[in-house]
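Enquirer: Reproduced below are the annotations present in TrEMBL:
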type	residues	note
TRANSMEM	68-93	transmembrane segment
TRANSMEM	105-122	transmembrane segment
TRANSMEM	142-166	transmembrane segment
TRANSMEM	178-197	transmembrane segment
TRANSMEM	209-228	transmembrane segment
TRANSMEM	281-302	transmembrane segment
TRANSMEM	323-345	transmembrane segment
TRANSMEM	365-388	transmembrane segment
TRANSMEM	409-430	transmembrane segment
TRANSMEM	442-460	transmembrane segment
TRANSMEM	527-545	transmembrane segment
TRANSMEM	565-582	transmembrane segment
Amino acid sequence: MCLNTGYPCDCLTDGNPCEPCRMTVKDREREEAHLSNDINVPGGSGSTCEPELNIPSNGILKESGRHLGIMLSVIICLNILILGCALVSGSAYKDVNISSSDLQIFLIVLLLLTSIWMVYYVTFTARTENAIAYKDCHAGPIWLRGGLVLFALLSIIMDIFKIASYVGYLHCDSAVKVAFPVVQLVFVLVQTYFLWIHAKDCVELQRNITRCGLMLTLSTNLVVWMTAVTEESIHQTTVPEYPSNTTKPSGRSLYINRAGYGDDTCKCSHTSCSLFKEAYYYLYPFNIEFSLFASAMTYIMWKNVGRVTEEHGHRKIKFRPTEVFLGPVAGILLVVAGLVTFIVYEMEILKYNSDEDKKDNVLMIHFVMNIVIVMLMSVSTVIGCAIYQVDHREHVSDKNPTRSLDVGLLVGASLGQFIISYFSIVAMAVTGAKGYLNGLNLTWAILMVIQLGLQNYFIIEGLHREPFHEVQPISVLANPYVLQPGKDMSILEESDMDTKPGPVLTADCLHNHTVEHRPKLLWKRRVLKEVCAFLLLGNVILWIMPAFGARPQFDHATETEFYQFNMWAAVVNVGLPFGIFYRMHSVASLFEVFLTS
């Protein structure tokens, strides 16, 4: 129904509603249904406003176009993902006639197409007045975009190291290997700017084109992620051939040998190749996280296409680090202790790989440290869950694509670590967990399962709770016209004309009015914030260890002997990337729970 009755308005017919005619989706559907009933009733008094008669058919056309755009964008995404999966899988095996250059050519085309679309989107929205009418305040929070920028910078450094390394192989290898990191560097720059500026957009113009472009971006990031993960693990699942007079490496030396990059038959033309290889190998985790972060933010933008939201419905939440002390201090001590043991573990495991006794001692230190971390995190999570039981905040009822995606990613990514832990539990239980290392490994796996379950519940419950409401001090103003015993009205009028300042409300008086409202909330909020801060830092150290090379799954030989190397390597290579992403995603989710607590 046309609300702008002051003058003829065709804004609803051309799909660009003016401000007086702007309505919510529910109101439009209600009006369309009411109008349809009026038209179908014989003798019903219909309106003479022409836009009213055109709304039902126009609404049906818009709904049909929306479903068509969603279907087309999903088809594009699935086709790119399946084609990319086929090429990535084919290039992983030497028997398949698909080279890494073929895969990189496909990736270069994808990256260029996606970059061109993002440049078009940024240009179009900049030149079109009021192109973005609504923004989702929940999407793209500052800490998520800040993490994206950090990972983007490290990914750019990785690409620079790759270019410097691959230049040394131009005389005997394909030039595509140099072109790919160059194009990827440009793609990272364009996408970082695109998501930083437009992550909150709820697009109303060119919806179908935008949906298809966003799904192209999403699928491109996922294919890049699959390629990076496969490149890290491809050499771990293929046993190299060694001459009979050469001692075969085992444990970590076998892992590192299979994780190397470059072809042994092609020698580098400069002496810095090995240094650059080692450098960008340790930067791969950041590039993997960048692709996953970008995929999540792009999916939220896709869900928000055509969405009408309240522009001022999101309350700003202030971050006050002074509200917590014990959680951050304990978390920082945990991170420092974890980093020290991790550095010692990495250095000693390579140095004493052939000495079984010293290697076992180093493994024992690593297992004990991880058990302590996971146990402390489990205890703090139980405390946080207990606070939820006495916390009477209501659960949020509105639909939020960002929150739904956070929960889905949290549960889905945790499955990777669940898989590894349960495979370890089965191997330890069947073999009897003989020896202290097997006992520690079994304890670590069981505690990891418990910690993952408790933390998932804590984060999901926190994301679905309404934020605590700040209690504002009650202002009490003295009325000078209230008669006091023994005082005349004329005296009050004379005092009102006086220039002396009026009565001032003291801090004690304010405290008497506010203190009765704060204690019940204060201790709950304090405990929840302490728990969130500690868990956040605990997840940081649990992300650092596997992301930068800790592989006790290969250093400890029980699972490798029980499942055989190829099967166990496949389990670890599939589950570990998801487990690493789970820790980083938990950091972002815990920070949001911290802010709303």
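Placement of Cβ uses the backbone N, Cα and C atoms for every residue, glycine included.
Annotations in TrEMBL come from automatic prediction, not curation.
Keep in mind that this is a model prediction, so the values were computed, not measured.
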Enquirer: Before we move on, state whether the transmembrane segment (409-430) and the transmembrane segment (565-582) share at least 3 Cβ pairs under 8 Å, counting only pairs 6 or more apart in sequence.
Expert: yes
Enquirer: Short question: which residues 6 or more past the ends of the transmembrane segment (527-545) have a Cβ under 8 Å from it?
Expert: 323-328, 330-332, 334-335, 338-339, 342, 370, 373-374, 376-377, 380-381, 383-384, 387, 391, 455, 458, 462, 580, 583-584, 586-587, 590-591, 593-594, 597
Enquirer: Can you see whether the transmembrane segment (142-166) and the transmembrane segment (105-122) are touching - at least 3 CB pairs under 8 angstroms, only pairs 6 or more apart in sequence?
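Expert: Contact criterion not met.
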Enquirer: At a threshold of under 8 Å on Cβ distances, which of 105-122, 178-197, 281-302, 323-345, 442-460 pairs most often with the transmembrane segment (209-228)?
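Expert: Ranked by Cβ pairs under 8 Å, first place goes to 281-302.
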Enquirer: Quick test of the contact rule: Cβ under 8 Å, at least six residues beyond the ends. What residues does that give for the transmembrane segment (442-460)?
Expert: 367, 370-371, 374-375, 377-378, 381-382, 384-385, 388, 407, 410-411, 414, 417-418, 421-422, 424-425, 428-429, 433, 531, 535, 582, 586, 589-590, 593
Enquirer: For the transmembrane segment (105-122), what are the same-chain contacts with Cβ under 8 Å, counting residues 6+ beyond its ends?
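Expert: Beyond its ends, the transmembrane segment (105-122) has Cβ neighbours at 80, 83-84, 87, 176, 179-180, 183-184, 186-187, 190-191, 193-194, 197-198, 210, 213, 216-217, 219-220, 223-224, 227.
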Enquirer: Using a Cβ distance cut-off of under 8 Å, indicate which of 178-197, 323-345, 365-388 has the most pairs with the transmembrane segment (281-302).
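Expert: The stretch I would name here is 178-197.
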